[in-house]
Each structure stands twice: as structure tokens, then as C-alpha cells.
């Protein structure tokens, strides 16, 4: 018998629960831009963007987002977390222009008694008052059962009575949160299944937390039990270990269940980068789906297998997410790794040169030196007996910055046998350097790629004289939707000088007519 494919709703909680990540606070414009991207490009079904009554600034932010949403007919896809506090939350939401209240109720007897000091009967009366007032105010209501995961395990009768009470109210959905991230997949199935068996007509959704790194697995079991929606955040932002990561959740749903979502997979990477930049929380290189290294093969045997029929490919293809497969260079590289990188550079090597390049790459890897695809032309020139000299050399760079002075830079570079000098100011030392450099390159008709990312890596240990590694990502395409990115790296005890070295490498990369 063929199973019927179900379509699940996804509520993105990046802007509300995700903002509870330590050190994360989105500005109004950042929240607006993220909300636009989530709803219009990533195509999440709904977004939760704020908690009611947090601050005047938060009210103004919600008002801005709702003004935009009204012009796009998206107001009912935007939701606000609210509280059982009489008419206060509802009035706040009315003032904000929002149309949907996600009411936070107590999903365990322990929370109810210890935090509120009320009986279930008293609390249910309070909940009903808020719901009735919200409906009269023209709002739609969903209900969170906070700490439900502990509630159904330790006070099941209370949970049953609360859901029974809510089943008689005019609400849209009931949310089942694993607030403290304590559930196993088996427990998730049991808890969700027990409610859906008794209340099959209620729209239940599961809200996971990742304390045991089980939130995606728990979500799969919630699907198996029959939930109609799931909650997630971009990059897994959230309290403690975070919420269920949307990128991994959606991919797993599409590949490992009989369900689908409305999510546009190819926009996942861009959503991840957007939130990474605005949150200031870098994602790890090996984070599934969106990490920098997850579509990179390091072992030479893998590159060889891919070349001979994609022997090491899996269903998580990079093209699904707007990305490309790459092959790392180092002591584990093989000829296939080298040839694939050379091919991407638009070059063809003889077997003799290819072998020499491989030997040099392995030698550098043994010395614990990072080799990037952008280094290959220089290595090829060297092993081929060519000079591999720089086309452009930064002869000197004096950068001054400090407290009470405007940063400024004076640079001197040599290009095609001529010396070029320039002075400029900037918002920082490197910005002043780039402003001076741009004046020169504009005169020379050289177009500088757009700087996409600037990353500084300092080794642990706290030594003030430690070598700093600065990696800069550039995009050669004026159309940022087109991926022509490449990285250059500089190493120096001074962070800004390391960035200058990385920039010099970038200039030689775009100016060198490599033809080996």
C-alpha cells in the first residue's frame, strides 16, 4: 500500500527563540531583512519574530515588519509570542499590528506550581480569559505548552486536562515544546502519539531543542506520530545548545520521511550566511548542509572515485543548496584532487607536471601548511621552471590608527615596472588601506573583486606575538547571485598586515595570466 505524502508546516523561530542565543540581538533592519528572506525566498510557512512586551524598541520593530507584511499580504504568516497576563499581551500585539498570538502556557504541573503558584483550575481560567480577549481583538491564537516534555512524563494527568481544556477553545494550533531538550526519539514519539490518538483533529506542532543533539531525530519521530508542523531556526540559533537547525531538519524531512515542506532548498545556504552575518555567530566548517567544508573531499581516493562515476556521492548534493563540490589540497591529496582543482582553474597539465605538483602539495601538507586552489598557479609555475613572479607588489604600507585619530594609510605598489603611491583615510586601518588601493586600481583600470568575508584566526594561548592568519573571501562576479568566490590568506603577527598580504595575493590572482 502506497503511503500518502504529507506536507508539513515549518515555523521559523530564528527572530524570537534564536535571538535568545547569548550575545545575539538583531536590529530593526536586520529583523526586517531576515523576515523578508525567510518568507519570500526560503518560503517558510510562518515566522515568529518577537516576544510581546519586551521593550519599546521591539514594539517599533514589529510595527515596521507588519507594515511591510501588510503590503505583501503576509500578515497572518507572522506570529508573536505572548503571555497569560490578562489583556496586556493582547493590547501590545494590537498596537504592533500583528495578527497572530502564540500564547505561552504552562505545560507541566511543576512549572505551574513553582513559577506561578496557581492551581490548574485557576490557570485554565486565566488562559481562557486571554484567548477570549484575543479573539474579540481580531487575533488568531496558537498555544505553546511550555515544558511539555517534562509535563507528559511527570504530570500526564495535568497535560491531559490542559489539552482537553484547550480543545474546547477557538485556537488554531497547539505547540509541543521540548523546552529543555531532554527527550529521546522514542519518548518524543510516545508523547506526541498519545495526544494525537486522543485528539486527531487538533493541529499539533513539535518544537525541539538540541541539548542532546537529538532535535532532528526527535522531529522525525514527531512526524511519524502525526504532527502537522515543526519549529526550527536558521543555523540552530537558540537557548543553550539551540533550536532544531532548519537546514538539517528540512533536508532530513525531504530525504528520510514520507513528508515534504514548502522550503526552497536552494535558498538555505544564503539564509544561513545572512543570519550568520547579522547574528555575529559563525557556523562551524563541518556543520551539516551549510558548513564551509561539508562538500569538500579531502582524501585523494574520494576524488578519484568521484571522477570515475561519483562513487563517493550521497543524496545530499551541493547543487541542491546552490553550492559546488570541492577537493582539498594537502598531504592526503591524489592526482585526481589536483586535476579537479586545475580543471576548475581552466588549466590543463601534462602527467609529468601533474605529478610534480602533487609531490609539492604533499610536501607542503607534511609541513602543516595550508594549500588553497588559489596557490596552485604559483606551485605550477615553480615546478614547471617558470619564475611565477608577482605581477603586482605592495612595496610599502604605513597604516596609522588609534584613539582620537582618524585612521589613514599611505601605500606604495609596483605594477608593470612603475611605482604608484596613494594616501587615504578610512573607518579602520584596513579600510584606509583599501581606500588608498582603490584609488590606484581605478587609475590603472583594475577592477577589485567584492569582499565577501573577512576572517581572522588567532592560535590559542594568548601570546601577543602569535602569528595571525587572515582569510578573505572575494567574489569576482558583479552579480552576487553568481558564485565566483575565491579565498586568499595572509599570515603575520599584525592582523592588518596579514590582511594586506591576503589582498596582494588577490591582486596577483586576478592579474596573472596563468597558462601552463
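Each residue, glycine too, has its Cβ placed from N, Cα and C.
Per Swiss-Prot, the features are as follows:
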type	residues	note
DOMAIN	8-269	domain 'Pyruvate carboxyltransferase'
BINDING	16, 17, 144, 179	pyruvate binding site
ACT_SITE	16	active site, proton donor
BINDING	17, 207, 209	Mn(2+) binding site
ACT_SITE	146	active site, proton acceptor
Proximal but sequence-remote residues of the same chain as residue 207 (Mn(2+) binding site) (Cβ under 8 Å, at least 6 apart): 13, 144, 175, 176, 177, 178, 179, 230, 231, 243
Mean predicted confidence [pLDDT] for the domain 'Pyruvate carboxyltransferase' (8-269): 98
Helix, strand or coil at residue 17 (pyruvate binding site) [DSSP, three-state]: coil
Cβ atoms near residue 17 (pyruvate binding site) (within 10 Å, other residues, all chains): 24
Residue pair residue 16 (pyruvate binding site), residue 209 (Mn(2+) binding site) - Cα distance, angstrom, rounded: 14
Lowest local Cβ density (other Cβ within 10 Å) among binding-site residues: 16, 209: 16
Span of the pyruvate site, taken as the largest CA to CA distance across 16, 17, 144, 179 (Å, rounded to a whole number): 14
Additional residues around pyruvate, ordered along the sequence, whose Cβ is within 8 Å of the centroid of 16, 17, 144, 179: 13, 48, 81, 102, 104, 146, 175, 177, 207, 231
Rounded to the nearest Å - Cα separation of residue 17 (pyruvate binding site) and the residue listed as 'active site, proton acceptor': 13
Mn(2+) site, defined by 17, 207, 209: further same-chain residues with Cβ within 8 Å of the Cβ centre: 13, 177, 178, 179, 208, 231, 233, 238, 239, 243, 244
